[in-house]
């Protein structure tokens, strides 16, 4: 187990080998497992494209995720898959003025009425959206 | 049926056809409309779905025993273990601690020395705890006599934020020596907090640390979260913290 993990780390550029990169590896592991499951259920022999949606506040660094995907995909059914990432900005709904606003900054105060009474509706998600499967 | 690769093709019988599995080519590939069909599948599935299901399962364990679980997250050295070592002096609540560190069982040993039940998870090279690791630990902690189970996450303001470990509430700590810019630098973590603790507040006179700045930044990201100032050397602040835990129990 340790052996496998350390060999993966050394296969990546050294700047990605720090601990902060590691949770992207775990996330990619979960993503690939999900892709394999869908491929199996749909009798696909290959996956051509994987589309994911990553919120800007999901806690995932898209570049690291991409690097991890390109490394991990080689051993399985995703080995030819292209990863498409849709980056989802923050969207808040204001409970006071009912405005739905897409935010440029990480400031959840309603830009319309300055209320703190807001709810984040998008921007924290980490979703598998679409797969392009090659079936026989 | 091609017996080698399992596809539903009838294999052409001429000799020159070499069945090359590495490239997966068949002589009559173009003639079969069923072949090489690209199928787009709309999924919309949480990537950490399995972890989330396990986290919900952990919460069932806690609920079955009337235990409230708090996930403690902060940088290394901001005082998570020290806080838990001292909290028992200020509360009647019974608690145990699940400890996450890359190496050593030092934190669990420190807590046990104070009479607090603790179980150490050694994550090896993993930078966060996930719901599966916590589930493994749950079977080593006697939950039934407890009010609270703390999950002391790996010291890290980045990775643990992405994983639900099955706790009910998240407590994020920032110590005075770390500086008052950390909320802005690690927004995802502070966004996840249900309580923000500013620890080592006895050091405030010695550092250019603005509590008001932390509060302002937290307010922008997470408008409804409470911010408490604590120091293990200030009994009053510890009593206030114990009171917060007491008022945030999920109820048996």
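Placement of Cβ uses the backbone N, Cα and C atoms for every residue, glycine included.
Annotated in TrEMBL:
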BINDING   A:23  Ni(2+) binding site
BINDING   A:94, A:97, A:110, A:113  Zn(2+) binding site
Using a Cβ-Cβ cut-off below 8 Å, which of the binding-site residues A:23, A:94, A:97, A:110, A:113 are near chain B? A:23
Quick one: Cα separation, residue A:113 (Zn(2+) binding site) versus the residue listed as 'Ni(2+) binding site', in Å? 37
For the C-alpha pair, I'd like the distance in angstrom between residue A:94 (Zn(2+) binding site) and residue A:23 (Ni(2+) binding site), rounded off. 32
Starting from the Cβ centroid of A:94, A:97, A:110, A:113, the recorded Zn(2+) site, name every other residue in that chain with its Cβ within 8 Å, sequence order please. A:95, A:96, A:98, A:99, A:111, A:112, A:114, A:115, A:117, A:118
Length of the line joining the Cα atoms of residue A:23 (Ni(2+) binding site) and residue A:97 (Zn(2+) binding site), in Å: 38
Using all protein chains shown, find which of the binding-site residues A:110, A:113 scores highest when you count other CB atoms within 10 A of its CB. A:110
Please report the number of other Cβ atoms within 10 Å of the Cβ of residue A:94 (Zn(2+) binding site). 21
